[in-house]
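Engineer: Annotation source TrEMBL lists domain 'UmuC' at A:6-185. According to TrEMBL, the feature Mg(2+) binding site maps to A:Asp10, A:Asp103. Per TrEMBL, the feature site 'Substrate discrimination' maps to A:Tyr15. The active site annotation in TrEMBL covers A:Glu104.
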Amino acid sequence: MTSTPILHVDMDAFYASVATRDRPDLAEVPVIVGGGSRGVVLSANYLARQYGVHSAMPMTRARRACPTAVVIPPDFDTFARVSSSVLENFRRVTPLVEVVSLDEAFLDVRGSIRRLGAPTTIAEGLRSVIHDEQGITCSVGVAASVSVAKLASRRAKPDGVVVVPPERVTAFLHPLDVGELWGVGEKTQAMLHRLGLITVGDVAHTPLRTLQRAVGHHLGAQLHELAWGTDRRAITPKAGPLEPERSMGADETFAKDTDDREVVVRELLRLSHRVTGRMRTAGVAGRTVTIRIRFADFTTITRSRTLPEATDVTVEIYRAAIRLYDALGLQRARLRLVGVRVEGLVPRASVHRQLVLGEPEHGWADADRAVDRATRRFGTAAVRPASLLRTY
DNA sequence: TCTGGGGTCCTAGGACCC
DNA sequence: TCTGGGGTCCTAGGACCC
């Protein structure tokens, strides 16, 4: 019997590894996977990391830090394909797989030990299968709990396994910086540091009430648990990262900041179209429409409005978005980004519309379905949402 | 030369209702 | 004649995760 049945499997530099696995010419070169001029680094191989490049770093900075790096645009179709193959390997070990993202998952191997051996044996088995089949490496953390397994896999990187048995949990956790804990980002880390709480051990030995006063009721309780490694969260099997969504949205950073209402309105239409298209594919409708505006100075605001009834109709979301935008009364403000999000999603079948007499709303739903069909047959370029503008 | 895009959850105040 | 109390919804902002 074992007391460390949770595995956290994390691909090493996933996007960069996949992007270069068939490119021996890039094996000894710093590689960055990332977007265009205003984008950020999605993934960097370990050679690029030696230059200080890391994910989420602005591309402009990354290129400056490592001018010799080869920059590759992301190919999410390939990433998703590799990811689901890896997921199949996981499911051959256990049905208890919780997918975190394309490159990360938790496995509860409690029920697989008799068949496959100790958790470490299972971990090494997975690593070699993934390496042989996909040509990429991963790291595995093994522990009694989800949170400790997650921290252990980070320690195992790259291409390794780290086991933290129960009796060594506090010895493992307490020297770590508070920033390592799940839920502690840059802001919270800085606040905790200001309070003199530098390590996880410091947090563990702080009275719960003090912690909660500093970071809020919920986070305070969570950090206290994590700091003692006492969280008992079970892994919840999920089909994938795109399971039962509570909201759907899209946003876009302009290539150049703009103060042109026409440009903004056109973008809001494009985004509304994109979001509702995804909603219709998923068979959901939503009531609350939120727009997001990011100004040139990066300050960001949101405005939202809850509709009387859930909808998946493009022009209804679009009209709500435009009303919210116009209500801001912006004059010369330069915008960097706009976004549209729909919240309060429910299955479309559960929505029974109150048809208002004289309002042919069903016409718009029919139009959407026609557009969806055309898009499926001829691609997104075939039917442009701008065609909706004239009729509206 | 800055800082993507997809999400989730929490907090807090006011409205509204019982 | 003070000023109740609690639950839920809506809105805005913020922090975090990958």
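Every residue, even glycine, has its Cβ placed from backbone N, Cα and C.
Annotations in TrEMBL come from automatic prediction, not curation.
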Engineer: Rounded to the nearest Å, what's the C-alpha distance separating A:Asp103 (Mg(2+) binding site) and A:Tyr15 (site 'Substrate discrimination')? Just drop the number here, would you?
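Structural biologist: That comes out at 9 Å between the alpha carbons.
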Engineer: In three-state terms from DSSP, label A:Asp10 (Mg(2+) binding site) for me.
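Structural biologist: Assignment for A:Asp10 (Mg(2+) binding site) reads strand.
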Engineer: Tell me, if you would, which residue among A:Asp10, A:Asp103, A:Glu104 (recorded positions) has the fewest other CB atoms within 10 Å in the structure shown?
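Structural biologist: Looking at the recorded positions A:Asp10, A:Asp103, A:Glu104, the Cβ with the fewest others within 10 Å is that of A:Glu104.
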Engineer: Where does A:Tyr15 (site 'Substrate discrimination') sit in the DSSP three-state scheme?
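Structural biologist: SS state of A:Tyr15 (site 'Substrate discrimination') = helix.
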Engineer: Do you know the mean pLDDT across the domain 'UmuC' (A:6-185)?
Structural biologist: 96
Engineer: Between A:Glu104 (active site) and A:Tyr15 (site 'Substrate discrimination'), what C-alpha distance do you get in Å?
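Structural biologist: Cα-Cα distance, A:Glu104 (active site) to A:Tyr15 (site 'Substrate discrimination'): 12 Å.
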